[in-house]
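Feature annotations, reproduced from TrEMBL:
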COMPBIAS  248-259  compositional bias 'Basic residues'
DOMAIN    31-240  domain 'TLC'
REGION    243-265  region 'Disordered'
TRANSMEM  41-61  transmembrane segment
TRANSMEM  81-99  transmembrane segment
TRANSMEM  111-127  transmembrane segment
TRANSMEM  133-154  transmembrane segment
TRANSMEM  166-188  transmembrane segment
TRANSMEM  208-230  transmembrane segment
Amino acid sequence: MLVAIIIHAIIQEYVLDKINRKMHFSKTKHSKFNESGQLSAFYLFSCVWGTSILVSENYISDPTSLWRDYPHTLIPFQMKFFYILQLAYWFHAFPELYFQKTKKEDIFRQIVYIGLYLFHIAGAYLLKLTHLGLVLLVLHYFVEFLFHISRLFYFSDERYQKGFSLWAVLFVLARLLTLILSVLTFGFGLARAEDQQLNFSTGNFNILAVRISVLASICMAQAFMMWKFINFQLRRWREHSSSQPQSVKKKFVTAKGKTSRKERG
């Protein structure tokens with residue numbers, strides 16, 4: 001966790017603070033820019049690392065590896081280290097709420113956000129579902145990286161909207177693919193496994209109650225994210241709709257002023 005705090009401080013001081021001084025952002029934009037800058041760096045690093053593990057272990061070419069040979073107790077060192085780093089990063093996010101002087105109204109949202117990551121990452125590791133967890137994390141992180149990098153470009157130039165459009169499409173596809181992979185793993189793969197006895201010594205949690213609980217947790221998380229996504233899109237649509245009448249009104253007043261001057265001439 002200490003390493004995560006140090007890296008966070010280096011990115012903040014040598015990259016984000018320099019850009020902030022040049023752009024002269026408001027306090028609100030300054031806070032959001034720092035948040036997106038830190039998260040986009042973390043998501044990009046995690047995506048590249050996670051993808052390299054998926055390729056080297058042939059998890060992409062063989063989808064049955066998500067449930068085959070469960071429980072996945074003998075995992076490669078780099079995957080174990082990947083999970084440890086993920087947990088360390090999200091644990092370090094709690095003290096960062098204080099160091100970054102997060103607004104009181106945003107603290108609860110951030111705690112829920114961080115808590116969901118810790119709950120699902122730790123759950124995948126403890127329940128020996130590391131293969132499925134890695135695939136879903138890489139998929140989710142890629143979409144989140146696209147959102148935050150789009151927001152960084154938007155803060156530098158508010159006319160930039162194409163990144164959000166691409167993100168919106170990929171966000172929905174990622175939620176759908178997450179549900180498909182989860183249902184295949186718990187409803188098809190693990191449900192047909194021969195050993196379905198709870199055994200803490202071997203790390204086997206492949207019983208009906210656990211499968212239903214984990215699948216329900218994933219489905220609720222996807223539903224929560226879709227609800228937040230819909231609210232975000234509605235808010236953007238209202239902001240866009242409210243800005244259009246003002247621009248039309250300005251054009252009308254300008255055109256009317258020109259006409260009046262011509263009549264006077």
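Note: Cβ is positioned from N, Cα and C throughout, glycine not excepted.
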Is the transmembrane segment (208-230) close to the transmembrane segment (111-127), in the sense of at least 3 CB pairs under 8 angstroms with a sequence gap of 6 or more? yes
Excluding the flanking five residues on each side, which residues at least 6 beyond the ends of the transmembrane segment (41-61) place their CB within less than 8 Å of a CB in that stretch? 11, 76, 78-79, 82, 86, 89, 131, 134-135, 137-138, 141-142, 144-145, 148
Averaged pLDDT, computed only over the residues in the domain 'TLC' (31-240): 89
